[in-house]
Amino acid sequence: RCLPNYCEHGGKCSQSWTTFYCDCNDTGYMGATCHNSIYEQSCEAYRHQGKTSGFFYIDSDGSGPLGPLRVFCNITEDKIWTAVQHNSTGLTRVQGADLEKPYTMSFNYNSSAEQLEAMINSAEYCEQEAAYHCKKSRLLNTPNGMPFAWWVGRANEKHLYWGGSLPGIQQCACGLEESCLDMRYFCNCDADREEWTNDTGLLAFKDHLPVTQIVITDTNRSNSEAAWKIGPLRCYGDRQFWNAASFNTEASYLHFPTFHAEVSADISFFFKTTSISGVFLENLGIRDFIRVEIRSPKEITFSIDVGNGPTEATVQSPTPLNDNQWHYVRAERNLKQTSLQVDNLPKKVLEAPAEGHFRLQLNSQLFVGGTASRQKGFLGCIRSLHLNGQKLDLEERAKMTPGVKPGCPGHCSSYGNLCHNGGKCVEKYNGYSCDCTNSAYEGPFCKEEVSALFEASTSITYIFQEPYPVTKNASTSSSAIYADAVMSKENIAFSFLTAHTPSLLLYINTYFHEYLAVILSKNGNLQVRYKLSKDGLLIFTIDSGNFANRELHTVKINREGRELIIQVDQVLKLKHNFSETDFKAIKSLTLGKVTESLSLDPEVSKANAYGFTGCLSSVQYNHIAPLKAALRHPSVAPVTVKGSLTESSCASVMEADVNTVTTTYSSSDPFGKTDEREPLTNAVRSDSAVIGGVIAVVIFIIFCIIAIMSRFLYQHKQAHRSSQTKEKEYPENLESSSFKADIDLQNTVSECKREYFI
């Protein structure tokens, strides 16, 4: 049963009397026949799962024959970059090369040419930086000479253009931009000057990438030298992940060549619809067929017949699937199983019969969004359609098909929940992006904290737009003057880490001498102090522990109308109802020390004297992010920064603080804690001091033993009586010496064992 071996991608076959089994360990694939890749097909797919930047394996052809490729996914901006390093990305100097003895460097990307080609073809855009630094070393020998340097790309093809230029044009970037040092040449280096210059640009014609070799031949003359650099292969965009088509009528469909999958077949795609039923795709043979359809709002069916009669795998959803949201479908058939997966619902698996026909033989065209058997077509959108790892270009085919439109709007309706912490989902033709403008966080999903280290004198003040005119004595219009600055709610959130009390974390004041202050009291309790004109001063104390414990704490203060809710570390701590409902005419919000001359109440004033020393993270007040504004837009936002402010991750600071075994604290350390009784000292003495002490003790003991033995041998020659007398003294001396040595050793060990507890 293992001849031939139906285990794919190097899976190991074993058998019993009735069937065979595949061991897929260490293959990068899974399934009954090791057909399915365990990796995603692009960095875009990893981003869609909420992953952050890092090294990943991508399998560009999915279940196809190409293996996975290790890449770096840069998921920090709107464009998701995929980078593949080669064996020489640094600046390399070259001397002594000419046409007879050229300098050649070949690049190894730790992958096959087919893997790189598949990755490049799947991307929207690719590039490689090419830099040539020269001193009396010509590059392309423009305008009309034979090049002295060139590079080799895909298909082992030699290219005579340089970075920043276009294919077929023997020029550098400065030639196209008409900015070369010598306008008689099309490259800076071709001027053949004695001083260093360079030609640098991007090679961005996808069909020629990647660069596989560079050849240099003009560094063998007097004072001639060059240095080159070819950057990593970088691509962005997944042409297939958002490749979609919209089917507007039940009679519309796209057709593709016959799906050839005799032994194993997998079909995957996303769909969204409001229709109650329809056929996603169908391919017929003389007797065999394959079909995937939505039979009812809660039911997806995969039907297949390889000559033994129809087999149907059906997945029932507890909620309707025609909700105009994107849903994922994967259907697979191999010699052992027929399976269907819908979203994250339990997979439906049917075992294949042990005997009978097993080859799927199809001969008609593949219909997508419709059917050749006159069943009801599909109304809605289909995207990212893959058959056996091969990508079908729905958009290109839709451009020439009536009733079908390329693309599909409305991605935010499905993926808007991936934008966190107040980030807004923005529709794009191919996908979506998260707008973090009004969020205290940043990153592709508004999940990356923005935090900074504060010292005692640090102050960040965000000035709200001043009501105009605030100096007029027109009481009748006062409500109109301050209308824009009246706040009937506060949604405040921030995280902090400190070891100091008392501390002032946040202070909001108004033109009517109302305020909100968040402080740490002397004993480490958290206090939220509200002063509204009708309620007077209200103090809410969270006394569930010492919050100045060098751990990260999260505070959320939500007031909507009269109701106040305070949460600390995701735990509800307090609820209160006010009689006053509004903050009138908010003037400013301050993080850390208040530097204005305000009439602070005694407790706030005491905390303000110490300011805040520690780390603040992701501060949000309604739609304003004052800390983010101070760090990212200090010259544009209405924010003032005084004192030292250092951007840093609070989480990493906490980890560093926990992992530090011995630390000497200085006055500039934001987490230093002074002891009123004695200064902190290093808890561990240096190894050299310990070793020196031990050596001194050993040498002292050796000298004592030598002295005692010498004295003993000398006295042994004297008379027996005298000898007896001396022998009585010997143990005393020995005991005295040993005692002294023991005392010295004990003192030394005691000195070594002294500890200081912080």
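Each residue's number is its place along the chain shown, starting with 1.
Glycine is no exception: its Cβ is also placed from the backbone N, Cα and C atoms.
Note that the structure is predicted; figures quoted are calculated from it, not measured.
Taken from TrEMBL, the feature domain 'EGF-like' covers 1-35 (among others). Non-local neighbours of the domain 'EGF-like' (1-35) in the same chain are 57, 59, 63, 65, 67-68, 263-264, 266, 332, 334-337, 354; each lies 6+ residues outside the stretch with a CB under 8 Å from one of its CB atoms.
If you look up TrEMBL, you'll see 34-86 marked as domain 'Fibrinogen C-terminal'.
Residues or ranges marked as domain 'Laminin G' in TrEMBL: 243-408 (among others).
Marked as disulfide bond by TrEMBL: Cys381-Cys408.
Within the model, the domain 'EGF-like' (409-447) carries an average pLDDT of 83. Taken from TrEMBL, the feature domain 'EGF-like' applies to 409-447 (among others).
The feature domain 'Laminin G' is assigned by TrEMBL to 469-650 (among others).
What TrEMBL records for 689-714 is transmembrane segment.
Every protein chain considered, the tally of other Cβ atoms within 10 Å of the Cβ of Cys408 (disulfide bond) stands at 24. Here the domain 'Fibrinogen C-terminal' (34-86) has, by DSSP, the following mix of helix, strand and coil residues: 6 helix, 17 strand, 30 coil. The Cβ of Cys381 (disulfide bond) has 22 other Cβ atoms within 10 Å, all protein chains considered.
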